[in-house]
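Please read the structure below before turning to the comments.
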Amino acid sequence: MKILLVFDFDNTIIDDNSDTWIVQCAPEKKLPIELRDSYEKGFWTEFMGRVFKYLGDEGVREDEMKRAVTSMPFTLGMVELLNFIRKNKDKFDCIIISDSNSVFIDWVLEATGFHDVFDKVFTNPAAFDSNGHLTVENYHAHSCSRCPKNLCKNVVLVEFIDKQSQQGVNYTRIVYIGDGGNDVCPVTFLKKSDVAMPRKGYTLQKTLSRMSQNLEPMESSVVVWSSGVEIISHLQFLIKE
């Protein structure tokens, strides 16, 4: 029986947001105002599609984007954490659920040699088209009112766990490591034995602390982290239990 580790990507594994980081490839490292203003809440993926088209139209090529994305720093202690998980893969399964895109995540995992740590990556599918433009699609459609329309991380997590259990794989507990507003939904569905690990000072942690002040029920335990090394300590404690 393994523990399932669920990771967010932006501002969790890497210490920035890959979608905003890529803007440094634009002329003068910024987007035109009308493009910036075209974002509608809940429609981030469509917005990024327009950003990628703009970059392509401006002559930004794949190798340039790849150089930018792979230069993003890892969050403090994250390299140590991923190496720790690799050494203990007999105890952990490990997935990413991210609102980034498959191209960016692939580039980072490939450049850093961490592909083997993750059993599965769930994110918005992306690819370069024949014009050399990066195109991105919604991961799925869902009916959750709390989440952006392209991705409900809870739906993804529940589907994954159901699928695993049909194949005879059950987990002793889930440890969810994230930072953002779209991590709130899956975290509130965690059970008593599970652990929510929000990054200190980020939206997920602030939301969970507000919920606990309002006495909104949450079953799982909450362990706040600033560095991947703190996550290692907690995982070591869970393995010993």
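Cβ coordinates come from backbone N, Cα and C, glycine included.
Automatic, uncurated: that is what TrEMBL annotation is.
Sequence annotations record features per position, and here TrEMBL assigns Mg(2+) binding site to ASP8, ASP10, ASP179. Annotation comment: TrEMBL describes ASP8 as active site, nucleophile. The annotation active site, proton donor is assigned in TrEMBL to ASP10. According to TrEMBL, the substrate binding site annotation covers ASP19, ASP99.
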**Asked** If you draw a 10 Å sphere around the Cβ of ASP99 (substrate binding site), how many other Cβ atoms fall inside it, taking every protein chain shown into account?
**Response** 26
**Prompt:** Within 10 Å of the Cβ of ASP19 (substrate binding site), how many other Cβ atoms are there?
**Reply:** 19
**Complete:** Residues lining the Mg(2+) site besides ASP8, ASP10, ASP179 (CB within 8 A of their CB center) are PHE9, ASN11, THR12, ILE13, ASN17, SER98, GLY178, GLY180, ASP183, ARG199, TYR202
**Prompt:** Checking the binding-site residues ASP8, ASP10, ASP179, which are within 10 Å of ASP19 (substrate binding site) at the Cα level?
**Reply:** ASP10
**Request:** Between the Cα atoms of ASP10 (Mg(2+) binding site) and ASP99 (substrate binding site), find the distance and write it as a whole number of Å.
**Result:** 8
**Request:** Could you state the whole-number distance in Å separating the C-alpha atoms of ASP8 (Mg(2+) binding site) and ASP99 (substrate binding site)?
**Result:** 8
